[in-house]
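Taken from Swiss-Prot, the feature disulfide bond applies to CYS526-CYS594, CYS637-CYS688, CYS733-CYS783, supported by sequence analysis. According to Swiss-Prot, the domain 'LRRNT' annotation covers 24-50. Sequence annotations record features per position, and here Swiss-Prot assigns domain 'Ig-like C2-type 2' to 616-704. What Swiss-Prot records for 716-785 is domain 'Ig-like C2-type 3', and it gives sequence analysis as the kind of evidence. Residues annotated as repeat 'LRR 1' in Swiss-Prot: 51-74. Under the heading repeat 'LRR 3', Swiss-Prot lists 99-122. The repeat 'LRR 4' annotation in Swiss-Prot covers 124-145, and the record cites sequence analysis as its basis. As annotated by Swiss-Prot, repeat 'LRR 6' applies to 170-193. Look at Swiss-Prot and you will find 218-241 tagged as repeat 'LRR 8'. Sequence annotations record features per position, and here Swiss-Prot assigns repeat 'LRR 9' to 242-265 based on sequence analysis. Per Swiss-Prot, the feature repeat 'LRR 10' maps to 267-289; the stated evidence is sequence analysis. The repeat 'LRR 13' annotation in Swiss-Prot covers 339-361 and rests on sequence analysis. Under the heading repeat 'LRR 14', Swiss-Prot lists 362-388, citing sequence analysis as support. The repeat 'LRR 15' annotation in Swiss-Prot covers 390-413. Residues or ranges marked as repeat 'LRR 16' in Swiss-Prot (evidence: sequence analysis): 415-437. Taken from Swiss-Prot, the feature repeat 'LRR 17' applies to 440-465, supported by sequence analysis. The annotation topological domain 'Extracellular' is assigned in Swiss-Prot to 21-840. Swiss-Prot lists 841-861 with the feature transmembrane segment, giving sequence analysis as the kind of evidence.
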Amino acid sequence: MIVYSLLLLILYDFLPKVVTFDTVCIGLCHCVGNVVDCSSLDLSEIPTTIPNNTRILLLSDNEIESIDKSRLKGFYFLQTLDISNNIIRHIDFEFFYNLPNLKILNIRKNRLARIPRGSHELGHLEKLDLRSNLISTVTSEELSYLAAVRSVDLSRNLISYLPKPTTSAKVNIEKLDLASNSITDIGTDHFSSFNTLVTLKLARNHITTLNQFSFSRLRKLESLDLTRNMIREVRFLAFNQLPSLQNVSLARNDVYRLDDGMFYACEGLKHLNLSTNRVQAVTEGWMFGLTSLEVLDLSYNQIQSFHISSWSHTPKLKWLSLHSNRIQSLPSGSFRVLRQLEELILSANSIDSLHKFALVGMSSLHKLDLSSNTLAVCVEDGAVLYNTSMPFLRSLRFTNNQLRVIPKRAFERFPALEELDLTDNPIATIHPEAFEPLELKRLVMNSSSILCDCQISWLASWIYRLKLDKSSIIAKCSYPPPLADLYVVAIDTANLTCHNDSPRAKIVRQPVEVSTLIGEKARFTCNVYGASPLSIEWRVMENGQPRVLVQDSATFLSINRTAVVNGTFDERELAAAELLLDNVAMTDNSEYQCVARNRFGSDFSTHVKLQVYQAPKFTYTPEDMPLLVGQTAKFLCAATGTPRPEIKWAFEQIPFPAAEARRLYVTPNDDHIYIMNVTKEDQGAYTCHATNVAGQTQASANLIVFENFFHYPESPDLSPMLIKKRDALKIDCSCDLISSRQRMVWKRQQQVILFLKKAKFSDNDQILTLTQTTFSDSGEYSCELWVDDTILMRKITMVKVVNEDEFVSSEATLTQRVQRIRAMASKLVDNIKSTGNGIYLMASCSAFGLMILGVITSICICIAKCSCNQNHVFNVLPVQV
C-alpha cells in the first residue's frame, strides 16, 4: 500500500485530472487550507466533492449510517478524520486502504457493534476514538491490533469480557480508556503485552476484585483509574512490578479489605485516592511501600482508628484527608512522623477529644481543617492546645464545633495563622486579646449569640486595625436585650458596659484534690454561678485524653440548684455539683475536671488529682531456709501497693551479724537479700517489712545453719572404686546426721534406692553395704543429706565391679610403686659412697631418711587400698541455695 501511494504521488502530474483528485472545495463544506469542515450538515454519506489534498476532514454531527470502500479513495494526505456523532453502523474494511497516512480517527458516538475491520491496516494511526458506541465484544486479535495505536478510547461501550490479547509485533500504546463498560474481571496479566502503557482507565465498570499481578509487567504505567467499580478486596501484590506508577484512584468502590503488601514495590506512587469506600482502619501492613506518596485521600470511609506507625511508611506525605470518617479521638503523636505534611483534613468526624500531644511534630503544616466535630473544649480550655505548636500554620477551619467561648490568646501556638474560619459556632464570649498575637488576613464567623458587655468592646477597633473584611464577620448581640440583634462593630463602645452580675457560667468554688484507699469512696464538689439553665459535666483524663463521665453503678452525679424565680431568662442560679466514685479502683487514679456551661459561655476548673492508695500486699514472702556453714542464704520478699511499698529487713538480733562482717548484700531493683558464707551466728528469724502511706505488713522466715560434713572425703581423681566380684561394697557417708531434722537419701544412677535385697543401711542410713556384688552393681552411687524439702550436700562415688584377674593386676601395680621408691633410695646411697668425701655421714642420713619415707609411702598405699575396698568418694558437691 505504501509503495502504491508513493507511485501515485510520483505520477501525479502525469495522470489525467479526475474527480477523485479534485482540489476544489465544492458544495456545502467549508474549506480553510487543508482543513475541510463538513460537520453539522445532516449529511447521509460522505460527499464526493471533497478535495483529495485534505489533511483534516471533519464530518461530525451528521446522519451518516455507513461508509463503503469507494469513499475517500486517493486521500493519501489525510491525517485526521472525524466522523463522530453520526449513526454509523458499518464501515467497509477496504475503506481504510484508502487512508495510508491517517493518524487520528474519531468515530465516537456512533452505533458500531464491533471494532471496525481493517482499521489495523492504518499503519500510521496514533489515536483511535471509539467512545460511546455499542461495542460489546472484543477479540484477542483486535486487542493485539490496538496495541500498535498510541491512544485508544473504548469508553462508554458495552464490553463485559476482556480477553487476553495475543502477542503483537508492534506495541506503541500509551493510553487505553476502557471506562464506563461492564467489565467484571480483569484477571491476571491481561495487560502484560501492553508494556508501553502509560495511562489505563477502568473507571465505571463492574470489577469486584483485584488479584495478584493484575497489572504486572506494565513497567511504564503512570496512571491507573479504577474509580466507581464494585471492588471489595485488593489482594496482596495487586499493584506489584509497577515502578513508574504515580497515580492510583480507587474512589467510590466498596473496598473494605486491603491486604498487607498491596502496594509493595510501588516506590514511585505519589497520589492515592481511596475515598468513598468502607475502609475501617489505617494499618501498617497495607501502607507498606508508599515511600514516595505525597497525596492520600481517605475521606468518606469508616475509619475509626489508625496505627501511628502506619505513617512511617509515607514520610513524604504532603496532603492527607480523613474527612467524614468515624474517628472519635486522636492519640499522642498521631501524625508526628509526617514532617512534610502541609494540609490535614479531619472534618466531619466524631472527634470530641485530643490528646495534649496529638498534633505535636507537625512543623510544616500550612492548612488544618477540624470542622464539624465537637472540639470546642480544645479552644475553650487553653490547656489542651498548650503543648501544640504549629509555627507555619496559615489556615485553620474550625466551623461547626459548638464553640461558645474564645479565651485570651486562644491561638497563640499558631503565630503564622492568616485565615481563621469559625462559622456555624454559637460564639457568645470573645475575651480581650483572644486573637493575639495573630496578624489575621481573613476571619470568618457568623454568631448571633454574642454577650455584648465591656469584654467585647475591643473587637471593632481590632477589626479596623487589621483591615479585615467586615462582610465575612457576622457578630450580633443577644444580650443585654436592648442591644439584641445589633452588630457588635456598629455599637458605640460607651454602651458596652459590664456588671458584677454577669450571666456567664462561672465556677465559684473549685474542686480540690482527693485521697482515698482502694475500695473506698471519693467525692468531688464544684459550685457554679450564672444565667440559667446551667449544665455541669465532669471529665476524667485517660491516657492524656478527656472523657466525659456518665452515671453508672459506681459513678454518681448530682446537681443541687437554687430556685428559679418566675422562670425568666434573666434569672441566675447557683448550682452545686457533686461527683461520687464508689468502690474506687486503681484505674480511677487520674485527673478530674469540672466543666460548666450556659448559652453565654463555659468555664473550666483546674485539673485536680484523685490519689488512690493501696496498702502493701505481698507478692512473694520469704521462706524458711536450712543451710550448711559457708553456703549463701537468699531470701525473697516483694510487695505491691500504691505508692510503691518500701521494703526493710529486721533480724531477731540487733545488729545483723552478717552486716558487721560485711557479708550482707542488697542490690538495686532486686527483691532478694543475700547473706554470704553463713555462720551459726546468722541463724534466727528474718522479718520483711513492707510499708507505705496506706499501711504496712510483714512476713518472717527462719535461717537454720547446720555444721555437717562428710567424715571420709576423697580427692576427686575420677578413678572408680574397684570391687572384686562377689565381694561386699561399703560406702560410708557419715556426717553427724541429726536424725530428728535430717535424713539421708541414697541413689544409684540418679534413681532412689528403695527395694534392693542385698542393700543394707546402718548408722541412720549413713552407711550403705551391698553384698555379693555383680557386674551390674557398677555405676554411680550418691548420698544426699536432706532437711525437709531442701538438700544440703551430696557425695558421689563411682563403683566398678571387676573379676579377680583385674583386681590382682591393680594390687601388683601398687607393689611395683613401693619397689621403685626403695630402689631409688639404694641407688642414691651408692652414689654418695663413691664420692669418698667428708660429708658421707650427712649423705647417709639423707639416704636413710629417704628409705624411711619410702616405707611410710608403702604403708600409706596399703592403707589406701584397704580403704578403697570399703569406701571411695568421687566428688562432694555443695548445694547452692
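Cβ from N, Cα, C; glycine included.
Within 10 Å of the Cα of CYS526 (disulfide bond), not one of the disulfide-bonded residues from the list CYS637, CYS688, CYS783 places its own Cα. Shown in sequence order, ILE731, CYS733, MET744, VAL745, TRP746, LYS747, GLN766, LEU768, ARG794, LYS795 are the residues of the chain, 6+ apart in sequence, with a C-beta less than 8 angstroms from the C-beta of CYS783 (disulfide bond). For the repeat 'LRR 16' (415-437), same-chain residues at least 6 beyond its ends with a Cβ under 8 Å from one of its own Cβ atoms are 371, 376, 391-409, 443-447, 449-451, 455-456, 458-459, 462, 475, 478, 504, 599-601. A 10 Å cutoff on Cβ-Cβ distances gives CYS733 (disulfide bond) a total of 26 other Cβ atoms nearby, all chains included.
Here the repeat 'LRR 15' (390-413) has long-range neighbours at 347, 359, 362-376, 379-380, 382, 419-438, 449, 597, 599-602, meaning same-chain residues at least 6 beyond its ends whose C-beta is under 8 angstroms from one of its own. Residues of the same chain lying 6 or more positions beyond the ends of the repeat 'LRR 10' (267-289) and with a Cβ under 8 Å from any Cβ of it are 227, 234, 239, 242-256, 258-261, 295-307, 309-314, 321. For CYS637 (disulfide bond) paired with CYS594 (disulfide bond), the C-alpha to C-alpha distance reads 42 Å.
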